[in-house]
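Chemist: From TrEMBL, here are the annotated features:
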TRANSMEM  B:12-35  transmembrane segment
TRANSMEM  B:68-87  transmembrane segment
TRANSMEM  B:99-118  transmembrane segment
TRANSMEM  B:149-168  transmembrane segment
TRANSMEM  B:200-220  transmembrane segment
TRANSMEM  B:232-259  transmembrane segment
TRANSMEM  B:266-285  transmembrane segment
Amino acid sequence: MAGETRVAKAITPKSLSYAQGMPRHHLALFAAFLTIAVLAPFFLYPVFVMKVLCFALFACAFNLLLGFGGLLSFGHAAYFGSASYIAAHSAKVWGLTPELSILAGTVVAAFLGLIFGYLSIRRQGIYFAMVTLAFAQMVYFFALQAEFTGGEDGIQAVPRGELFGFISLEADRAIYWLVLAIVFFGILFLYRIVHSPFGQVLKAIRENEPRAVSLGYQVNRYKLATFVISATFAGLAGGTKALVFQLASLTDVHWAMSGEVVLMTLLGGMGTIFGPIVGATVIITMQNYLATFGAWVTIIQGVIFVIGVLAFREGIIGVLSRKIKKPL
Amino acid sequence: MFELLGIPPQALFGQLLLGLINGSFYAMLSLGLAIIFGLLNIINFTHGAQYMLGAFVAYLLLQYLGVGYWGALLLAPIIVGAFGIVLERLMISKLYHLDHLYGLLLTFGLALILQGLLRNEFGISGLPYNIPSQLSGGQNLGFMFLPNYRGWVVVASVIVCFGTWFMIEKTRLGAYLRAGTENPTLVGAFGINVPRMITLTYGFGVALAAFAGVLAAPIYSVNPNMGAELIIVVFAVVVIGGMGSILGAILTGFGLGIVEGLTRVFYPEGSSVVIFVIMAIVLLVKPAGLFGRTA
Amino acid sequence: MKKTGLIVGGLAASLMATSALAQDIDVKIGVLNDRSGLYADLSGEGSVIAARMAVEDFDAASKGINVEIVSADHQNKPDVASNIARQWIDDEDVNVILDVPTSSAALAVHEVLRDSNALMLNSGAATSDLTGEACSPNTVHWTYDTWALANGTGSAMVQQGGESWFFLTADYAFGHSLERDTAAVVEANGGEVVGTVRHPFPGQDFSSFLLQAQSSGAQVIGLANAGGDTVNTIKQAAEFGITQAGQSLAGLLIFLTDVHALGLEAAQGLVLTESFYWDLDDETRAWSERFMEAKGDMPTMVQAGVYSAVLHYLKAVEETGSTDAEPVMAAMKSTPTSDPLFGEGEIRADGRKIHDLYLFEVKSPDESEGAWDYYDVLATIPADSAFRPMEEGNCPLVE
C-alpha cells in the first residue's frame, strides 16, 4: 500500500471516503483528544494548555495548506498576527464581546488571505514561499508602524470580557471552555474539509497537478479556497490567543512565528490529521519548560529541525501511522 | 541652493555611495546563495550564520593566535568553508533527491544551532574588532567623508564577485560545474567526480559568506545575530535577481543596496521593508526574477 | 486553591512574627530577564547572581526566611514575559519578580501583576511609564528610567554648550519616548531640536542616518536607541569621523557592558548617565569584586539594582513577617532604603525608587588604567532632582 511509504498518500479515497463518515480509530482519537483537553486544566496550568490549543489549531490550519495542498507558506504569521491585533483592538478599544472580537479578527485574516492568496498561488514551490514571506513582511511592517498596534509594546491588558455579553471570561477556567470549543470544532471542521470531495481534489492536485487540470478541475480556484480557509483558521487561532493572553504583539506577526508553525507541522507529521496537534504540544511544552535555559531553547529547536529532516521526515505521527498502517 | 527632491545633491551622492557599500555585502552573500542554489538546488538558510562565523573566526584568530585582519581574510573563509564541506558531506548531501523544502528546513535548523551556541559562549553585546591600520582614516570626497575601509569593502567585493562570475561562466572549470548540474550522469561518464565537485562548490559558497563576514567584522559589531536578520533580506535579493542566476545575484545585490540607501533618505522607517515590496512586485510580474531563466 | 492557602499561610506567618522568634517564611523570588538576547549581558545571569548575593548578605536563612530563586528568559518579548509572569504567580507561587529589562516586556508584566498578590521590583527597564499614568501599587521602578537619563544627559550636554540637537531614533515606541523626553529637557534648558531621523529596529548599518545627522549641522547627535544599535551607531560615528569633525554624541541609554563591547577607542568622550558604577567608592568596589568572581564581568547598574531591591524586599518581609503584596509594599515604601551600592534613598508613593545619579564621561584609552576602568565622574545628580517630580507623572496613586 502507498500508505506504508508516504504518510499523506496513505489516505486513499477508498479507506476514507467522505460518505463513510469518520473511521473508528479517528473517532477514538478525537474522543481521546477531547477527554485529555477537558481534564487537562484540572492538572495543568490552564493558560499553558490554552496556548497549546491555540497553536494546535494554528498548526492544523497551516497543515491544510502544506500537508494537503502541497503549498509551503512562509508567511502564515501574517494571518495569525493580524487577527490577534484586530481581536485585541476590538475587545479593548471598541469594547466588543469576546466572540465578536475573535470573529472580527478571523474575518480580517480571511480577507488578507484572499488578497495575498490570490496574488501568490500563481507561483510554485520556493517562489510561492518567497511571495508569502514578502507579504508577511509587509504586514509586519504595518504592525510596527500603525498607531493602533502599539509598536513593540503591542496591545496590552486586553479585557477578556463577557461571552455574549453576560458570561464573564476573566477567570482562566472560564475562558478555557470557550477556547476548547473553538479549537475542537475548528480542527473538526478542517478534518471534514480534508475528507470531503473538495479535499480529495486537493490531494489529486498535490500529487499530480497536470492530471488534475486535464480532468477539468480549476486548479487555481481550489488552491485559493484552500489558502483562504487556512488563513481564516490561522486567524481564528490568533484572535483566540490574543484574548487568552490579553495581549497582541509583534511576535505574532514576525517571520519567526511563520517558521515556528512550519516546525510544529513538520515535527508532528505534515499531511496527517493529528500530527500538527502533537507537534504544537511538543514545541510549546518545550518552550515553556526550557525557558530558564536561554539560548538552549533555540539550540534544541535547531536540533529538532535537523534530526526531523534527516531522520524523521514523516514526523512523530507520520512514523506512528506507518507503524500501525493506518492514516492518522 | 540647488536641491533634488529636497535633498542637496552632495548628500544624495553620499547616500548613493553608502548604498553601494551595503550593496557590496548583499552582492557577496547573494552570490554565494545563488551558486549553492544553482548547482546544488539547496536553499542555504545557514548562509547568514556562516557569514557570522566568518566574523567570529576572524575575531578568534586575532584573540588566540594573533592572526591579524589580512591573515583572517584568507584563513577564515578556508576554515568556515571546510566546516561547510563537513556539513555538506554529513547532512546536506542526504537531501538532494528531496523537495527544496527539506534543504531549507535543515539549514534553518543548522542556523539556529550555530547562533544559539555562539550566543551561549560569547553573549550578544558584540565583540570589538578593529579596522586594520593600513585602512584607517578616510578621504574627504567633497560631498562626504569616505572611510578608507568602506572604499576597500566595495573594491574587494567587486573583485570577488566578478572574479567568481568569470570563473563560472567563462572557464573550463565553470563549464564542468554548470554541466554537472544539468546532467550529472553524463558529466560523470566523462570521468569527472560530480559529488566531489558539488561538495567543493558548497564549500566555496560558504567561504564567500565567511569572506563577507570578515569584511563586515570591523564595521559591524561581531555578534551571533549579525546574520540572522540579514539572511532574510539576502534571500529576497536572490529571488529578485532570479534564483540561481550568478550575474543576477551580483547586480541585484548592488542595485538593491542603492535602492535601500535612497529609501533611508526619503522614508527611513521604510528601509527595512522596501526590498520585500520589490520582491513581491517582481515575482508577480516576472516570476523567475529579473535575470532568471523562466522555468 | 493555592492562592487562598498562601494568604492563610501569610496571615499565620504575620501573627507569628509578633512573637519575634525565628519565623518560618517561604519567599520565592523570580528573576525574569533577557538571558539570550540583546540585554543578556547587562541583566541575564548576572542579575540572578546579584539576587543570590543579596540573599546571602541579608543572611535570610538564619532569620527564618527560606528564599528560593527561580529565573527565566523573556527574550525581550512582551508575550513571553507576560506568559511567564502569569504562570509564576498563578501556578508557582512566586512572590516577587525582579529585573525585567525591555520596556515592552516590563509593561506587560506590570499589567499582569496589577491586582495580584505579587510585586515587581523593576531594575532593567527604562520606560518612565511604569511610574507615570500607568503606575501600579504592585510595582517599584528601582534603578533608572528614561526621564532620569534624558534629564541627566540632556541638561548636562546643553549646559556644556551643545544647544542644537539632532536625534537618531530607533523606530519603535521606546525610541520615540526616549526622544520625546530628551527633546523636552533640551528645550527646557534653552536648546533646540533641528531634526530627527528614525531608523528601523534592529539596525545594522547606521552610516546613512549618521550622514543625515552630520549634514544637519547640529552640535549634538542624540542616540535614542539601545543595546546593539547604540553600539553600532557609536562605532560607525567614529569611523565616519563624525565626532572628530566636532559633533558630539549623547548616548541616552548606554550601559557599562555597551562601553565594554565598544572598546574605549570608539567610546571615548561619550557622556552618559547611570545610577551605579563599580568604581565609585570602597563599598561598591568590594561588592563588585565579589560579583566579578562569580560572573567574570563587572556588574552593570541593572544588576546592582537587583541586589539592592532584593535586600530591601527581604527587609520588608522580615519586618512584616509576610509575603503578601500589600503589607510588604507598604513596609518597603515607609522604610528608607539603604545599601552599599546606592547609598540612602526611598521609594515614593508612585513606586519610583530614588537615589543619586551620576553623570559619567568615558575615558580615553590612555586614561584607562586597566580592564573595566572606563568612567570619570563628571557630576553627581542629587536624588531629589534626579527623577521626574511626582506631580508631573500623573500617577493616580499620588493624592
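Just so you know, glycine gets a Cβ as well, placed from its N, Cα and C.
Help me see these features in their spatial surroundings.
Modeler: Within the chain carrying the transmembrane segment (B:68-87), a Cβ under 8 angstroms from the stretch's Cβ atoms is held by residues 46, 50, 53-55, 57-58, 61-62, 110, 131-132, 199-200, 202-211, 213-215, 217-218, all 6 or more beyond its ends.
Sequence-distant contacts of the transmembrane segment (B:99-118), counting only residues of its own chain at least 6 positions beyond either end whose CB sits under 8 Å from a CB of the stretch, comprise 41-50, 52-53, 56, 87, 91-92, 224-225, 227-228, 231.
Listed as Cβ neighbours of the transmembrane segment (B:232-259) (distance under 8 Å, sequence separation of 6 or more from its ends, same chain) are residues 16, 19-31, 33-35, 37-38, 43, 47-48, 161-162, 164-165, 168-169, 274-276, 278-279, 282-283, 288-293.
Nonlocal intrachain contacts for the transmembrane segment (B:266-285), taken as residues 6+ away from its ends with a CB within less than 8 angstroms of a stretch CB, comprise 5, 7, 233, 236-237, 239-240, 256, 259-260.
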Chemist: Who are the long-range neighbours of the transmembrane segment (B:149-168) in its own chain, taking Cβ under 8 Å and residues 6 or more past its ends?
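Modeler: Long-range Cβ neighbours of the transmembrane segment (B:149-168): 18, 20-21, 24-25, 27-28, 31, 35, 131-132, 135-136, 138-139, 174, 177-178, 208, 211-212, 215, 218-219, 246-247, 250, 253.
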